[in-house]
Amino acid sequence: LTGVLDDCLCDIESIDDFNTFKIFPKIQKLQERDYFRYYKVNLKRPCPFWADDGHCSIKDCHVEPCPESKIPVGIKAGSSNKYSKVANNSKEFEDCEQANKLGAVNSTLSNQSKEAFIDWARYDDSQDHFCELDDERSPDAQYVDLLLNPERYTGYKGPSAWRVWNSIYEENCFKPRSVYRPLNPLAPSRVWGLFVFSWTGLCLEKRVFYKLISGLHASINLHLCANYLLEETWGKSRWGPNVKEFTRRFDPIETKGEGPRRLKNLYFLYLIELRALSKVAPYFERSVVDLYTGNGHEDAESKALLLDIFRDTKSFHMHFDEKSMFAGDKKGAKSLKEEFRLHFKNISRIMDCVGCDKCRLWGKLQTQGLGTALKILFSEKEIQSLPENSPSKGFQLTRQEIVALVNAFGR
(Lines of atoms letter the chains of each structure in order from A and count residues from 1; the text may use other names and numbers.)
(Lines give C-alpha, C1' and ligand atoms only; values in the text may rest on other atoms or scores of the structure.)
Protein backbone atom coordinates (compact mmCIF):
# COMPACT_ATOMS: atom_id res chain seq x y z
CA LEU A 1 0.00 0.00 0.00
CA THR A 2 1.14 3.53 -0.75
CA GLY A 3 -0.28 7.03 -0.94
CA VAL A 4 -2.72 9.20 0.95
CA LEU A 5 -5.63 7.80 2.97
CA ASP A 6 -9.16 9.07 2.30
CA ASP A 7 -10.78 11.43 4.82
CA CYS A 8 -7.46 12.54 6.34
CA LEU A 9 -4.27 14.28 5.28
CA CYS A 10 -2.00 11.36 6.05
CA ASP A 11 0.03 9.03 3.87
CA ILE A 12 0.71 5.36 4.53
CA GLU A 13 4.51 5.65 4.36
CA SER A 14 4.57 8.21 7.20
CA ILE A 15 2.41 5.96 9.40
CA ASP A 16 4.65 2.95 8.66
CA ASP A 17 7.83 4.83 9.60
CA PHE A 18 6.32 6.39 12.71
CA ASN A 19 4.90 3.08 13.94
CA THR A 20 7.91 0.89 13.14
CA PHE A 21 10.58 3.10 14.67
CA LYS A 22 8.76 4.93 17.46
CA ILE A 23 5.55 3.31 18.62
CA PHE A 24 5.61 -0.44 18.08
CA PRO A 25 8.71 -1.38 20.16
CA LYS A 26 7.41 0.62 23.14
CA ILE A 27 3.79 -0.54 22.94
CA GLN A 28 5.03 -4.14 22.78
CA LYS A 29 7.00 -3.65 26.01
CA LEU A 30 4.00 -1.98 27.67
CA GLN A 31 1.70 -4.92 26.82
CA GLU A 32 4.08 -7.26 28.65
CA ARG A 33 3.82 -5.36 31.94
CA ASP A 34 1.56 -6.77 34.65
CA TYR A 35 -0.89 -3.86 34.63
CA PHE A 36 -1.71 -4.42 30.94
CA ARG A 37 -1.45 -8.19 30.58
CA TYR A 38 -4.36 -9.13 32.88
CA TYR A 39 -7.83 -8.44 31.47
CA LYS A 40 -11.05 -9.25 33.31
CA VAL A 41 -13.74 -10.57 31.00
CA ASN A 42 -17.02 -12.48 31.15
CA LEU A 43 -16.97 -15.12 28.41
CA LYS A 44 -20.26 -16.68 29.56
CA ARG A 45 -22.64 -13.85 28.74
CA PRO A 46 -25.44 -15.16 26.51
CA CYS A 47 -25.85 -13.87 22.95
CA PRO A 48 -28.61 -11.20 23.10
CA PHE A 49 -29.58 -11.47 19.42
CA TRP A 50 -30.13 -15.15 18.59
CA ALA A 51 -30.18 -18.59 20.23
CA ASP A 52 -26.72 -20.06 20.74
CA ASP A 53 -25.83 -21.81 17.47
CA GLY A 54 -22.90 -23.88 18.57
CA HIS A 55 -19.85 -23.48 20.77
CA CYS A 56 -16.39 -24.15 19.36
CA SER A 57 -15.08 -27.40 20.88
CA ILE A 58 -11.63 -27.22 19.24
CA LYS A 59 -9.00 -27.14 22.01
CA ASP A 60 -7.40 -23.96 20.58
CA CYS A 61 -10.70 -22.11 21.09
CA HIS A 62 -10.32 -22.55 24.84
CA VAL A 63 -9.21 -19.69 27.11
CA GLU A 64 -7.28 -20.55 30.25
CA PRO A 65 -8.35 -18.17 33.03
CA CYS A 66 -5.73 -16.94 35.48
CA PRO A 67 -5.58 -18.55 38.94
CA GLU A 68 -6.31 -16.03 41.69
CA SER A 69 -2.82 -16.50 43.15
CA LYS A 70 -1.16 -15.18 39.96
CA ILE A 71 -3.04 -11.84 39.84
CA PRO A 72 -1.00 -8.94 41.28
CA VAL A 73 -2.49 -7.92 44.62
CA GLY A 74 -3.06 -4.30 43.54
CA ILE A 75 -5.11 -5.36 40.51
CA LYS A 76 -7.48 -7.77 42.25
CA ALA A 77 -7.86 -5.63 45.40
CA GLY A 78 -9.21 -2.42 43.88
CA SER A 79 -12.53 -1.66 42.24
CA SER A 80 -12.54 -0.97 38.51
CA ASN A 81 -11.94 2.76 38.98
CA LYS A 82 -9.07 2.40 41.43
CA TYR A 83 -5.70 2.40 39.74
CA SER A 84 -3.73 4.50 42.19
CA LYS A 85 -2.08 3.56 45.48
CA VAL A 86 -3.91 6.40 47.20
CA ALA A 87 -7.31 5.12 46.11
CA ASN A 88 -6.57 1.58 47.26
CA ASN A 89 -5.20 2.68 50.64
CA SER A 90 -8.08 5.06 51.34
CA LYS A 91 -10.83 2.42 51.34
CA GLU A 92 -11.53 2.63 55.10
CA PHE A 93 -11.59 6.43 54.99
CA GLU A 94 -14.02 6.38 52.06
CA ASP A 95 -16.29 3.87 53.81
CA CYS A 96 -16.32 6.06 56.91
CA GLU A 97 -17.11 9.19 54.88
CA GLN A 98 -19.86 7.31 53.05
CA ALA A 99 -21.38 6.13 56.34
CA ASN A 100 -21.43 9.69 57.68
CA LYS A 101 -23.09 10.99 54.54
CA LEU A 102 -25.71 8.26 54.35
CA GLY A 103 -26.25 7.77 58.07
CA ALA A 104 -28.98 10.41 58.29
CA VAL A 105 -31.02 9.01 55.42
CA ASN A 106 -30.25 5.30 55.39
CA SER A 107 -33.04 4.44 57.78
CA THR A 108 -35.63 6.00 55.49
CA LEU A 109 -34.46 4.26 52.30
CA SER A 110 -35.97 0.93 51.35
CA ASN A 111 -33.71 -1.65 49.70
CA GLN A 112 -35.56 -1.09 46.41
CA SER A 113 -34.79 2.63 46.58
CA LYS A 114 -31.10 1.98 47.23
CA GLU A 115 -31.01 -0.38 44.25
CA ALA A 116 -32.75 2.27 42.14
CA PHE A 117 -30.14 4.89 43.10
CA ILE A 118 -27.33 2.47 42.15
CA ASP A 119 -29.06 1.77 38.82
CA TRP A 120 -29.46 5.50 38.13
CA ALA A 121 -25.77 6.11 38.86
CA ARG A 122 -24.85 3.21 36.58
CA TYR A 123 -27.11 4.62 33.85
CA ASP A 124 -25.50 8.07 34.16
CA ASP A 125 -22.03 6.51 33.95
CA SER A 126 -23.00 4.58 30.82
CA GLN A 127 -24.13 7.61 28.83
CA ASP A 128 -20.65 8.29 27.44
CA HIS A 129 -19.82 4.62 26.84
CA PHE A 130 -19.61 3.28 23.31
CA CYS A 131 -19.46 -0.30 24.57
CA GLU A 132 -21.56 -2.66 26.61
CA LEU A 133 -19.18 -3.21 29.54
CA ASP A 134 -18.93 -6.54 31.36
CA ASP A 135 -19.99 -6.45 35.00
CA GLU A 136 -16.69 -7.13 36.76
CA ARG A 137 -18.51 -8.17 39.94
CA SER A 138 -20.21 -11.07 38.16
CA PRO A 139 -19.04 -14.50 39.37
CA ASP A 140 -18.60 -15.38 35.67
CA ALA A 141 -16.04 -12.59 35.11
CA GLN A 142 -12.47 -13.94 35.22
CA TYR A 143 -8.98 -12.55 34.81
CA VAL A 144 -7.18 -13.72 31.67
CA ASP A 145 -3.45 -13.45 31.01
CA LEU A 146 -3.37 -12.02 27.47
CA LEU A 147 0.25 -13.14 26.93
CA LEU A 148 -0.70 -16.78 27.58
CA ASN A 149 -3.85 -16.60 25.41
CA PRO A 150 -2.61 -14.95 22.19
CA GLU A 151 -4.90 -13.97 19.32
CA ARG A 152 -4.46 -16.51 16.53
CA TYR A 153 -6.33 -18.79 14.14
CA THR A 154 -8.11 -21.45 16.18
CA GLY A 155 -10.02 -23.29 13.44
CA TYR A 156 -13.28 -21.50 14.34
CA LYS A 157 -15.15 -20.88 11.07
CA GLY A 158 -18.36 -21.71 9.26
CA PRO A 159 -21.95 -20.42 9.62
CA SER A 160 -21.56 -19.30 13.26
CA ALA A 161 -18.48 -17.15 12.56
CA TRP A 162 -19.96 -15.75 9.35
CA ARG A 163 -23.23 -14.87 11.09
CA VAL A 164 -21.40 -12.63 13.61
CA TRP A 165 -19.62 -10.52 10.97
CA ASN A 166 -22.69 -10.48 8.74
CA SER A 167 -24.76 -9.05 11.61
CA ILE A 168 -22.14 -6.41 12.30
CA TYR A 169 -22.06 -5.25 8.69
CA GLU A 170 -25.65 -5.73 7.60
CA GLU A 171 -27.63 -4.80 10.70
CA ASN A 172 -25.43 -2.50 12.72
CA CYS A 173 -23.33 -0.50 10.35
CA PHE A 174 -23.61 2.65 8.30
CA LYS A 175 -22.24 1.22 5.08
CA PRO A 176 -21.63 2.38 1.52
CA ARG A 177 -24.50 1.63 -0.79
CA SER A 178 -22.51 -1.14 -2.40
CA VAL A 179 -19.25 -2.80 -1.61
CA TYR A 180 -17.54 -5.93 -2.86
CA ARG A 181 -17.84 -8.53 -0.13
CA PRO A 182 -18.43 -12.26 -0.44
CA LEU A 183 -22.17 -12.73 -0.11
CA ASN A 184 -21.38 -15.87 1.85
CA PRO A 185 -17.83 -16.96 2.60
CA LEU A 186 -19.01 -20.57 2.66
CA ALA A 187 -19.93 -20.34 -1.01
CA PRO A 188 -17.26 -21.01 -3.71
CA SER A 189 -14.51 -18.40 -3.38
CA ARG A 190 -15.21 -16.87 -6.79
CA VAL A 191 -18.80 -15.93 -5.96
CA TRP A 192 -18.76 -12.20 -5.17
CA GLY A 193 -21.33 -9.45 -5.11
CA LEU A 194 -21.63 -7.80 -8.51
CA PHE A 195 -21.70 -4.21 -7.26
CA VAL A 196 -19.69 -1.07 -7.83
CA PHE A 197 -18.19 0.48 -4.69
CA SER A 198 -19.74 3.87 -3.96
CA TRP A 199 -19.75 6.33 -1.06
CA THR A 200 -22.54 8.36 -2.67
CA GLY A 201 -24.73 10.09 -0.12
CA LEU A 202 -22.74 8.93 2.91
CA CYS A 203 -21.60 11.71 5.25
CA LEU A 204 -18.14 11.77 6.86
CA GLU A 205 -19.35 10.37 10.19
CA LYS A 206 -20.95 7.33 8.56
CA ARG A 207 -17.88 6.76 6.35
CA VAL A 208 -15.71 6.90 9.47
CA PHE A 209 -17.94 4.39 11.26
CA TYR A 210 -17.82 1.92 8.37
CA LYS A 211 -14.05 2.26 8.02
CA LEU A 212 -13.51 1.61 11.74
CA ILE A 213 -15.52 -1.63 11.62
CA SER A 214 -13.80 -2.70 8.39
CA GLY A 215 -10.41 -1.81 9.92
CA LEU A 216 -11.19 -3.86 13.03
CA HIS A 217 -12.19 -6.79 10.82
CA ALA A 218 -8.96 -6.42 8.80
CA SER A 219 -6.89 -6.32 12.00
CA ILE A 220 -8.44 -9.55 13.31
CA ASN A 221 -8.05 -11.26 9.91
CA LEU A 222 -4.39 -10.20 9.72
CA HIS A 223 -3.63 -11.71 13.11
CA LEU A 224 -5.31 -14.96 12.14
CA CYS A 225 -3.20 -15.11 8.94
CA ALA A 226 0.01 -14.15 10.76
CA ASN A 227 -0.44 -16.71 13.55
CA TYR A 228 -2.05 -19.64 11.75
CA LEU A 229 -2.11 -23.32 12.75
CA LEU A 230 0.19 -24.68 10.04
CA GLU A 231 0.44 -28.27 11.25
CA GLU A 232 -0.36 -30.46 14.22
CA THR A 233 1.57 -33.67 14.78
CA TRP A 234 1.72 -35.88 17.87
CA GLY A 235 -0.10 -33.26 19.90
CA LYS A 236 2.39 -30.53 18.98
CA SER A 237 1.11 -27.46 17.14
CA ARG A 238 3.19 -25.33 14.80
CA TRP A 239 1.98 -21.74 14.29
CA GLY A 240 3.19 -19.20 11.76
CA PRO A 241 2.31 -16.92 8.82
CA ASN A 242 -0.04 -18.35 6.20
CA VAL A 243 0.63 -16.38 3.01
CA LYS A 244 -2.02 -18.28 1.03
CA GLU A 245 -4.72 -17.31 3.54
CA PHE A 246 -3.50 -13.70 3.59
CA THR A 247 -3.69 -13.60 -0.24
CA ARG A 248 -7.23 -15.04 -0.19
CA ARG A 249 -8.42 -12.27 2.14
CA PHE A 250 -6.45 -9.26 0.88
CA ASP A 251 -5.08 -9.76 -2.65
CA PRO A 252 -6.59 -7.23 -5.14
CA ILE A 253 -7.40 -9.94 -7.72
CA GLU A 254 -8.80 -12.48 -5.25
CA THR A 255 -11.00 -9.82 -3.62
CA LYS A 256 -12.02 -7.85 -6.73
CA GLY A 257 -10.00 -4.83 -5.52
CA GLU A 258 -11.54 -4.84 -2.03
CA GLY A 259 -8.47 -6.21 -0.17
CA PRO A 260 -6.30 -3.06 -0.39
CA ARG A 261 -9.29 -0.98 0.77
CA ARG A 262 -9.64 -3.23 3.81
CA LEU A 263 -5.97 -2.67 4.62
CA LYS A 264 -6.36 1.10 4.18
CA ASN A 265 -9.20 0.95 6.69
CA LEU A 266 -6.80 -0.73 9.13
CA TYR A 267 -4.48 2.29 8.79
CA PHE A 268 -7.47 4.55 9.37
CA LEU A 269 -8.34 2.62 12.56
CA TYR A 270 -4.71 3.05 13.68
CA LEU A 271 -4.97 6.82 13.17
CA ILE A 272 -8.18 7.07 15.21
CA GLU A 273 -6.71 5.13 18.14
CA LEU A 274 -3.42 7.07 17.88
CA ARG A 275 -5.38 10.32 18.07
CA ALA A 276 -7.24 9.09 21.15
CA LEU A 277 -3.94 8.28 22.90
CA SER A 278 -2.60 11.76 22.20
CA LYS A 279 -5.84 13.31 23.52
CA VAL A 280 -6.03 11.28 26.75
CA ALA A 281 -2.44 12.04 27.83
CA PRO A 282 -3.45 14.76 30.38
CA TYR A 283 -5.59 12.18 32.20
CA PHE A 284 -2.52 10.00 32.88
CA GLU A 285 -0.01 12.82 33.38
CA ARG A 286 -1.64 13.61 36.75
CA SER A 287 0.16 12.39 39.87
CA VAL A 288 -3.06 10.80 41.16
CA VAL A 289 -2.81 8.06 38.47
CA ASP A 290 -0.08 5.48 38.91
CA LEU A 291 -1.18 2.20 37.22
CA TYR A 292 -1.27 0.45 40.57
CA THR A 293 -0.39 -3.26 40.82
CA GLY A 294 1.17 -3.22 44.30
CA ASN A 295 4.73 -3.32 42.97
CA GLY A 296 5.95 0.29 43.32
CA HIS A 297 9.03 -0.09 41.12
CA GLU A 298 7.14 -1.79 38.29
CA ASP A 299 4.26 0.70 38.54
CA ALA A 300 6.66 3.66 38.17
CA GLU A 301 8.33 2.04 35.13
CA SER A 302 4.95 1.29 33.51
CA LYS A 303 3.77 4.87 33.92
CA ALA A 304 7.08 6.28 32.61
CA LEU A 305 6.82 4.06 29.51
CA LEU A 306 3.18 5.04 28.95
CA LEU A 307 4.01 8.77 29.22
CA ASP A 308 6.90 8.23 26.80
CA ILE A 309 4.44 6.74 24.28
CA PHE A 310 2.12 9.73 24.81
CA ARG A 311 4.99 12.10 23.98
CA ASP A 312 5.55 10.19 20.75
CA THR A 313 1.85 10.28 19.82
CA LYS A 314 1.81 14.06 20.30
CA SER A 315 4.83 14.43 18.00
CA PHE A 316 2.99 12.84 15.06
CA HIS A 317 2.17 15.68 12.66
CA MET A 318 -0.65 14.17 10.58
CA HIS A 319 -3.35 13.28 13.10
CA PHE A 320 -6.96 12.67 12.09
CA ASP A 321 -9.01 15.78 12.89
CA GLU A 322 -12.03 14.56 14.85
CA LYS A 323 -13.37 18.14 15.02
CA SER A 324 -14.54 17.67 11.44
CA MET A 325 -17.07 15.15 12.76
CA PHE A 326 -20.48 16.09 14.14
CA ALA A 327 -19.82 19.69 13.19
CA GLY A 328 -23.15 20.49 11.55
CA ASP A 329 -26.22 22.03 13.19
CA LYS A 330 -26.24 21.17 16.90
CA LYS A 331 -29.48 19.22 16.97
CA GLY A 332 -28.62 17.08 13.92
CA ALA A 333 -25.05 16.56 15.13
CA LYS A 334 -26.22 15.43 18.57
CA SER A 335 -28.71 13.00 17.07
CA LEU A 336 -26.09 11.55 14.70
CA LYS A 337 -23.55 11.22 17.50
CA GLU A 338 -26.05 9.28 19.62
CA GLU A 339 -26.89 7.04 16.66
CA PHE A 340 -23.15 6.47 16.16
CA ARG A 341 -22.74 5.54 19.85
CA LEU A 342 -25.71 3.16 19.92
CA HIS A 343 -24.65 1.43 16.69
CA PHE A 344 -21.23 0.82 18.18
CA LYS A 345 -22.70 -0.37 21.49
CA ASN A 346 -24.74 -2.92 19.55
CA ILE A 347 -21.58 -4.20 17.88
CA SER A 348 -19.94 -4.67 21.28
CA ARG A 349 -22.96 -6.78 22.31
CA ILE A 350 -22.67 -8.95 19.18
CA MET A 351 -19.22 -10.04 20.42
CA ASP A 352 -21.07 -12.11 23.04
CA CYS A 353 -22.38 -14.22 20.14
CA VAL A 354 -18.91 -15.44 19.07
CA GLY A 355 -18.78 -19.22 19.63
CA CYS A 356 -15.01 -19.50 20.14
CA ASP A 357 -13.86 -18.27 23.56
CA LYS A 358 -10.44 -17.08 22.37
CA CYS A 359 -12.00 -15.21 19.44
CA ARG A 360 -14.63 -13.77 21.79
CA LEU A 361 -11.92 -12.62 24.23
CA TRP A 362 -9.97 -10.72 21.56
CA GLY A 363 -13.11 -9.48 19.82
CA LYS A 364 -14.44 -8.03 23.09
CA LEU A 365 -11.07 -6.54 24.01
CA GLN A 366 -10.51 -4.83 20.64
CA THR A 367 -14.09 -3.59 20.44
CA GLN A 368 -13.83 -2.16 23.96
CA GLY A 369 -10.47 -0.59 23.05
CA LEU A 370 -11.99 1.17 20.04
CA GLY A 371 -15.06 2.16 22.08
CA THR A 372 -12.75 3.70 24.68
CA ALA A 373 -10.90 5.60 21.93
CA LEU A 374 -14.21 7.05 20.69
CA LYS A 375 -15.24 7.96 24.24
CA ILE A 376 -11.94 9.88 24.62
CA LEU A 377 -12.31 11.72 21.30
CA PHE A 378 -15.77 12.92 22.28
CA SER A 379 -14.72 14.00 25.81
CA GLU A 380 -12.03 16.57 24.99
CA LYS A 381 -13.49 19.37 27.15
CA GLU A 382 -13.88 17.09 30.17
CA ILE A 383 -10.28 15.85 29.83
CA GLN A 384 -8.92 19.38 29.57
CA SER A 385 -10.66 20.43 32.80
CA LEU A 386 -9.49 17.52 34.96
CA PRO A 387 -8.39 18.33 38.55
CA GLU A 388 -4.67 17.65 39.12
CA ASN A 389 -4.75 16.00 42.55
CA SER A 390 -8.10 14.29 42.86
CA PRO A 391 -10.13 11.73 40.90
CA SER A 392 -12.31 13.36 38.26
CA LYS A 393 -16.10 13.29 38.24
CA GLY A 394 -16.61 14.44 34.65
CA PHE A 395 -14.35 11.98 32.81
CA GLN A 396 -13.28 8.61 34.12
CA LEU A 397 -11.66 5.50 32.70
CA THR A 398 -11.93 2.12 34.40
CA ARG A 399 -8.89 -0.12 34.54
CA GLN A 400 -10.61 -2.41 32.01
CA GLU A 401 -10.96 0.45 29.53
CA ILE A 402 -7.29 1.41 29.96
CA VAL A 403 -6.11 -2.18 29.43
CA ALA A 404 -8.40 -2.59 26.40
CA LEU A 405 -7.28 0.71 24.83
CA VAL A 406 -3.56 -0.11 25.05
CA ASN A 407 -3.93 -3.72 23.89
CA ALA A 408 -6.29 -2.87 21.02
CA PHE A 409 -3.83 -0.27 19.79
CA GLY A 410 -1.03 -2.81 20.24
CA ARG A 411 -2.90 -5.22 18.01
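Count begins at 1; order follows the chain as displayed.
Backbone N, Cα and C atoms are what each Cβ position is placed from, and that goes for glycine too.
TrEMBL annotations:
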- Cys356: active site, nucleophile (ACT_SITE)
- Cys359: active site (ACT_SITE)
- Arg152, Thr154, Trp165, Ser214, His217, Arg249: FAD binding site (BINDING)
- Cys56-Cys61: disulfide bond (DISULFID)
- Cys96-Cys131: disulfide bond (DISULFID)
- Cys356-Cys359: disulfide bond (DISULFID)
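Here the C-alpha separation of Arg152 (FAD binding site) and Cys56 (disulfide bond) works out to 14 Å.
Between the C-alpha atoms of Cys56 (disulfide bond) and Cys356 (active site, nucleophile), the distance comes to 5 Å. Taking only the Cα positions, the spacing between Cys359 (active site) and Cys61 (disulfide bond) is 7 angstrom.
The most densely surrounded of the binding-site residues Thr154, Ser214 is Ser214 (count of other Cβ atoms within 10 A of its Cβ).
Across the fold, the C-alpha of Thr154 (FAD binding site) and the C-alpha of the residue listed as 'active site, nucleophile' stand 8 Å from each other.
Non-local neighbourhood of Arg249 (FAD binding site): Asn221, Cys225, Thr255, Gly259, Arg262, each in the same chain, at least six residues away, with C-beta under 8 Å from its C-beta. Candidate recorded positions: Cys56, Cys61, Cys356, Cys359. Fewest other C-beta atoms within 10 angstroms, Cys61. Nearest in space to Cys61 (disulfide bond), taking C-alpha to C-alpha distance over the recorded positions Ser214, His217, Cys356, is Cys356. A separation of roughly 14 Å, to the nearest angstrom, links the Cα atoms of Trp165 (FAD binding site) and the residue listed as 'active site, nucleophile'. All protein chains shown were included, and the count of other CB atoms within 10 Å of the CB of His217 (FAD binding site) stands at 18.
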